[in-house]
DNA sequence: AAAGGCGCCAACCGCTCACGG
DNA sequence: ACCGTGAGCGGTTGGCGCCTT
């Protein structure tokens, strides 16, 4: 007998998460706390593998996540950290607690790599760079010790910024995360706010970007988006989402988050 | 207005690590 | 010391929306 796959390929749902699934996951974690991911699918009835649940929580639902544009300060920190740590995204994320490793990785790959490449071509021949376009260990001009001191300063500043925001990154923040996701869903689904899960999921996932003031302000409202094969198995008895939200988080939560 | 290309990001995949038996 | 299992991590991909032609 070989080693069984980490998750049963049969009966495991893949693809974008629906609001219903998010709510189930968050309410489960509210009760049991994050961890023991193996038990999550069986205990919640979610047709997702443990990895998928962990990732969804970590990258989208957990409290305190900041989305949207990176600040100059964050950008500089990432560049510093990348020079110091290499592509250790999780380690970098520990210095930027509001950002996920996935976010940092994506930002590096889509923005910073190019930015640095441009800079590199601008200063061609002045210093050697690795394949990511970085100064090799960013070293020749300043010492590692200097980098680390600079980093410590940045971390200190970041911590100050964090503590000034909220001392309690509580479970409420993940409610807020879902609310923000739902906000996009509501905007895009003026007609069918309930059991048409195909519409629900499509609109929902099209609006996962809840950047500070930078969310996708799509106003398209007339078309039912195409249904993907993956969505076929969406059940028909899903709760109306605002209701589900409110029943989980309190009667007025939904309105207060959405409006 | 339509088509194709590009950018972005959520999610998946496969590997490694950590830990308990 | 070895093995099995779950968790975590980094690389990669898929697909949607926007932009350009």
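Cβ coordinates are placed from backbone N, Cα and C, and glycine is handled just like the others.
Your range for region 'Disordered', going by TrEMBL and the list A:91-118, A:119-146, is A:119-146. Break the domain 'HTH myb-type' (A:66-116) down by DSSP state and the numbers are 37 helix, 0 strand, 14 coil.
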